[in-house]
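Right, one structure below, let's go through it.
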Amino acid sequence: MARGRIRSKLRLSNLYTFGCLRPNTLEGEDSPHPLHGPGFSRTVFCNQPHMHKKKPLRYRSNYVSTTRYNLITFFPKSLYEQFHRAANLYFLVAAILSVFPLSPFNKWSMIAPLVFVVGLSMMKEALEDWRRFMQDVKINARKTCVHRSDGVFRQRKWKKVRVGDVVKVEKDEFFPADLLLLSSSYEDGICYVETMNLDGETNLKVKRSLEASLTLDDDESFKNFMGTIRCEDPNPSLYTFVGNLEYQRQTFPLDPNQILLRDSKLRNTAYVYGVVVFTGHDTKVMQNSTKSPSKRSRIERTMDYIIYTLLVLLILISCISSSGFAWETEFHMPNMWYLRPDAPEDLTNPISPVYAGVVHLITALLLYGYLIPISLYVSIEVVKVWQASFINQDLRMYDDESGVPALARTSNLNEELGQVHTILSDKTGTLTCNQMDFLKCSIAGTSYGVRSSEVEVAAAKQMAVDLEEHGEIPSTTPQSQTKVYGTWDSSRTTHEIEVESGGDGNYNNNPRVPIKGFGFEDNRLMNGNWLRESQPNDILQFFRILAICHTAIPELNEETGKYTYEAESPDEASFLAAAREFGFEFCKRTQSSVFIRERFSSSGQIIEREYKVLNLLEFTSKRKRMSVIVRDEEGQILLLCKGADSIIFDRLAKNGKTYLGPTTRHLTEYGEAGLRTLALAYRKLDEEEYTAWNTEFLKAKTSIGSDRDELLEAGSDMIEKDLILVGATAVEDKLQKGVPQCIDKLAQAGLKLWVLTGDKMETAINIGFACSLLRQGMKQICITSINPDGGSQDSKRAVKENILNQLTKAVQMVKLEKDPHAAFALIIDGKTLTYALEDDMKYQFLALAVDCASVICCRVSPKQKALVTRLVKEGTGKTTLAIGDGANDVGMIQEADIGVGISGVEGMQAVMASDFSIAQFRFLERLLVVHGHWCYKRIAQMICYFFYKNIAFGLTLFYFEAFTGFSGQSVYNDYYLLLFNVVLTSLPVIALGVFEQDVSSEICLQK
């Protein structure tokens, strides 16, 4: 094997994101992680897999199976599943009884249909499981390089990889097991990992090895490598790992930053070496492979009740028949000389008519058993598979841009699509594209950017159309470059539309070439013109924050000569694109520095500046901010920070609030325009202050214990204070094509739409207008909570009482509304929703929400999304549909009756958890209005057809029985009975369920 390695210039050990999660061993500590007790018993001998052949160190193999059955368990388990159904169980009993002389039919007329129907269902199960088996075989047969001996690596199948093996994984290969990263092709031991198969995220994650193992940099170095890993037992937590590596007489603590999980892929790294810690079903991805919640359609549940009703009817007419037979036996049998009344059999003895009637009851139950449609279940399964294939092949739900078709991931819920009452939708990536464009900014109290967002233009157009229909404004109202402020409540009767100029007309005369991530238009900042503004120093600082404060990695595209950025989020990529266009191009990241090419004027003179990165305090959902501490070329230490405005404003110095007023006003305007905003600030640090803080921060980084995260957060808070506000950014997440029209059509079809978003209220309201969720004349009900004074129980009680009072008044207002055409919209934020979802208040909230035409929940968490979905599903008792595109929508999708995933840029986690997947939100209209209508109509008519023909067939037997003295004779030939359900009448019913179309798709989609 090649011994050379890529000597990267990138050393990221000084960066907080890449380095602080790897604590060093403290002096005087024998064991960094005190691993004792249950849950921490795993011991792995590195490069010594033979040590794990005997218990208690014998662990699971790396063979993975996702099948439901095997050769031994298929028949018992599959038969149990089939006879779990009431109809099949009945026919099993009937088939057993048909063997005895009491049966009115030939035994094969009962056994053959049952064998055919059950056998067909079992074949379907076997085929599906065979496909899973073949997928398992393919995965288990993948090959990877495993260390054999004497520094030699050989190819070995995944299923033969063992705990303790040292493996070498090369670029774009999947990891065969959960590995401890030892080294990589980069001298810092870092590698880039794609975890889309685990969490659905497409952004690359950086992993890095311990410094102690960096010397294991080629094949030969593993000749004498030995070590011991003591760590946690297998568990499903993807983001935690606790363990120690004992190597070269030292003990090093391990954390998730050194663990490479099975089914993640190595990217942008030539190769890595790792030792196997967990294999097979012990790996974290397999520990997480739980079954999705079982969902059954309402029609299927109703069908069970119909079958139970038919069973009751069957028993009833069987009792009538047996009673009739007992009557005939007692009073008419003595006159039937051909039955030899002088020597009667037990079943025709006039002396014991009760016994004859009871025995005849069994005969009657078998005779009238055709009331129960034996082939109903299998016929419905066949029909649903065909319906699902029609959904999959619908070209009108195929997205040309991404090449992604609609996909019915399960066929069990086809007809549910036609019964949806409430849709609960995510916003970012679902209603919008999740492709960010830098559109506007506020710098030093001045707002820049004259181009209006698609959201505010669409909202203004929609409002203008509505007002025109109401006769309130003329149709000549400008509909471009319009800013809308919609803060209406039930008490207001006038509505305001503020129209502002489109700005410099030069942009219309000289349209520029579109730049990905950059939609900004304002000559005041372009081509070095910002130097002529009143506050050029603040503008310079703003641009440098954009170019420096991030975690992206630049990659030069050799074909185009431009840099592309591997950023953690679309927002960050848009900031870098904006900085580049403003003349501050981030071009290189070296060992502990970033390099910016700064262009100060239109002359094109470029100055490359180096900023040494001292610390990087990462962005998290809890912190809602990120900071970078750098040293510029003059030796000045700067802390550059960006984050949510509420977080940044609380950390401003007294002299840092110069632009607070105008910036706040601009942020409000940007929010009303549907833009995503962040505030930018900085702080100059003294050398002494930084040194003292860094010492304490390093202690927190290297600490061991459960409070390590709290110590790091406290350390960050110590330095992220006394900031100076520079300005704010506003990026646009554009609406997907056709969203307003789709929502409008769904509303006309009687469906209610709830939007659950993490945006603030102003942004959500204006996006609501843009996508037709909110309309002109619709009365808004905003439920917000007061800020409690402290965290005492009394203050929380006061907040709850205030929210309850708002809900009560809103419910009364809706009930007292006299206008039958009045429409209400409910808007509530996440903080208020926390109280509204409590047991003593949630049904009042639901009662108000169901009376409103539209509901928008702002600032909600993933857990709240799932709780709201459960409340709507259980509280209304009607069919709910949840649609989303990200991992944060999985709970909501699984909780709803129907889950729809969008194949967006946030990964495939939502799609993998969904029942149906589509590429764009606008396809939801056709999925529900066309396919939902057709499937519901077809299945309903098919079931009615089935029961009708079987009841008609069974009752003819009953009528014939009355004619023949309830003798238990059949009017039909045994072979006709055998073929009636399975062959003679199945195809017409199946054809009805597959092809019936009461109206065309065009009629379905008409207003």
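Glycine residues also receive a Cβ, built from the backbone N, Cα and C atoms like all the rest.
Annotation source TrEMBL lists active site, 4-aspartylphosphate intermediate at D426. The feature Mg(2+) binding site is assigned by TrEMBL to D426, T428, D885, D889. Taken from TrEMBL, the feature ATP binding site covers D426, K427, T428, E572, F619, K642, R676, T757, G758, D759, R859, K865, N888, D889. Look at TrEMBL and you will find 44-111 tagged as domain 'P-type ATPase N-terminal'. The domain 'P-type ATPase C-terminal' annotation in TrEMBL covers 911-1006. As annotated by TrEMBL, transmembrane segment applies to 86-102, 108-127, 305-327, 354-378, 946-963, 975-995.
Positions of the features from TrEMBL, shown on the structure.
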| residue | record | contacts (Cβ under 8 Å, 6+ apart) |
| --- | --- | --- |
| D426 | active site, 4-aspartylphosphate intermediate | V755, L756, T757, K865, I883, G884, D885, G886, N888, D889, M892 |
| T428 | Mg(2+) binding site | N434, D733, T757, G758, D759, G886 |
| R676 | ATP binding site | M436, D571, A730, V731, E732, D733, D759, T763 |
| R859 | ATP binding site | T757, G758, D759, K760, M761, D829, G830, K831 |
* Structure fact -> Counting across all protein chains, other CB atoms within 10 angstroms of the CB of D885 (Mg(2+) binding site) number 31
* What mean pLDDT score does the domain 'P-type ATPase C-terminal' (911-1006) have in the model? -> 85
* Apart from its near flanks, which chain residues at least 6 from the ends of the transmembrane segment (354-378) lie with a Cβ under 8 angstroms of it? -> 85, 87-88, 90-91, 94, 97-98, 102-105, 110, 113-114, 117, 120-121, 303, 307, 310-311, 313-315, 317-319, 321-323, 325-326, 329, 346-348, 943, 946-947, 950-951, 953-954, 957-958, 961, 966, 968, 970, 977, 980-982, 986
* Six or more residues out from either end of the transmembrane segment (305-327), which same-chain residues have a Cβ under 8 Å from its Cβ atoms? => 86-87, 90, 353-354, 356-358, 360-361, 364-365, 367-369, 371-372, 943, 947, 951, 954, 958, 961-962, 965-968
* **ATP site span - longest C-alpha distance across D426, K427, T428, E572, F619, K642, R676, T757, G758, D759, R859, K865, N888, D889, in Å** => 27
* Would you kindly list the residues that approach the transmembrane segment (86-102) from elsewhere in its chain, counting only those six or more residues past its ends and only Cβ-Cβ distances under 8 Å? => 109-111, 113-114, 117-118, 304, 307-308, 311, 359, 362-363, 365-366, 369, 372-374, 376-377
* Asked: Who are the long-range neighbours of the transmembrane segment (108-127) in its own chain, taking Cβ under 8 Å and residues 6 or more past its ends?
  -> 68-69, 74, 78-79, 81-83, 88, 91-92, 94-95, 98, 366, 369, 374-375, 377-378, 381, 974-975, 977-978, 981-982
* Counts of helix, strand and coil residues, the domain 'P-type ATPase N-terminal' (44-111), according to DSSP -> 30 helix, 3 strand, 35 coil
